[in-house]
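> This structure is in structure tokens; I'll ask about it shortly.
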Amino acid sequence: MRVVVLGSGVVGVASAYYLARAGHEVTVIDREAGPALETSFANAGQISPGYAAPWAAPGVPLKAVKWMFEKHAPLAIRLDGTRFQLQWMWQMLRNCTADRYAVNKGRMVRLAEYSRDCLQALRADTGIQYEGRTGGTLQLFRTQQQLDGAAKDIAVLQEANVPFELLSPAELKNAEPALAAVSHKLTGGLRLPGDETGDCQLFTTRLAALAESLGVKFRYNTPIDSLAIAGGRIAGVQCGSETVRADAYVVALGSYSTSFISNLMKIPVYPLKGYSITAPIVNDAAAPVSTVLDETYKIAITRFDQRIRVGGMAEIVGFDKNLRAARRETLEMCVNDLFPGGGDTSKATFWTGLRPMTPDGTPIVGRTPVSNLFLNTGHGTLGWTMSCGSGQLLADLISGKKPAIQADDLSVHRYLKDVAGQTRPAYA
């Protein structure tokens, strides 16, 4: 089968790779000059299935109000003048209940755990290298309230059989030796030893090369204008004056997926702006060995070979990609507070990206009401974590195979109108 994949971020490239492995003739189209040059370029670098969780959580609405007045707040909201933004925020608020959080986190962990398994199999099969580490993830708590609040996450981890360790301040140094110097600032930590880290952009570039070796064609610097419709099916992709035709089409355009298919269906994928800095390591003993999550600031600090990546925060501000100096200040403050002297933040590069987020946190992967159109988008802050599993899942669906995990609750159908014409709730 001929398949066109739109988008060459980590999700699009993973989709292409697994489709090619399944025997399909695949073409990837992207407006950029190469793979992973937008949202996948400088993300936090963590592959954290156990920490796969929706931003829509109990207590978040009240926290959001408090964060409005804090200098280093992890969340910021600025109205962009669109009705879509208001609708999306309302849908997100409706998911901020304990019941919805448990459902959403459960299916996110399911896909993320499967994706980690797919990544491990890929690594064993191909030997792909991307400055990856398998040292786990450590979530740090600065208050007793944060530590107590981890109970709901631990319950989900236990239900999903995800191994974890609850550490006291004195035990944190066993996972991250450099934290011994700052343990007095912390009340404890939750460690997931099965989590991994790695450079997403490097991984995507090398996976694209592997995909090319399987026959995948990459068409970069190519405009993606619209989908041509005929007889209720996709008849082609309009790329400037050219129409590219295939048997099936995959939209993996991140935050831009929403507007691209708006004439066919309405999907609630909104750009959640995040930031990162990447600093050279100057003192190995003072640097992290894997990934640390600061629960207070919602910031991830990740170790690559000779670099530290610090990323996080969320701004609901539309498609604004301006770099705000205050956000860099927050990232530098966080890493220097936990790992003083580990990296030289004065020499750090500064980046921002738009994560494609759904109101319930769960991505949209699978079939659509248009028989030959498939979606692989809406992964939010977990595109790197979920990429391989989403790609394999999509390849199975297109190939007519039964997926290895439950997939019906990941599709776009949870957002579309039912047979009675009623819109299904965004928390379905």
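In case you wondered, yes, glycine gets a Cβ from its N, Cα and C as well.
Straight out of Swiss-Prot:
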- 3-17: FAD binding site (BINDING)
> Enumerate same-chain residues with a sequence separation of six or more from V11 (FAD binding site) and a Cβ-Cβ distance below 8 A; give 'none' if the list is empty.
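Sequence-distant Cβ neighbours: S40, A252, G254, N376, T377, H379, G383, M386, S387, S390, G391.
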> Would you find the one among the binding-site residues V3, V5, V13 whose Cβ has the most company, meaning other Cβ atoms within 10 Å?
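The most densely surrounded of these binding-site residues is V5.
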> Using other CB atoms within 10 angstroms as the count, which residue among the binding-site residues G9, S15, Y17 scores least?
Y17
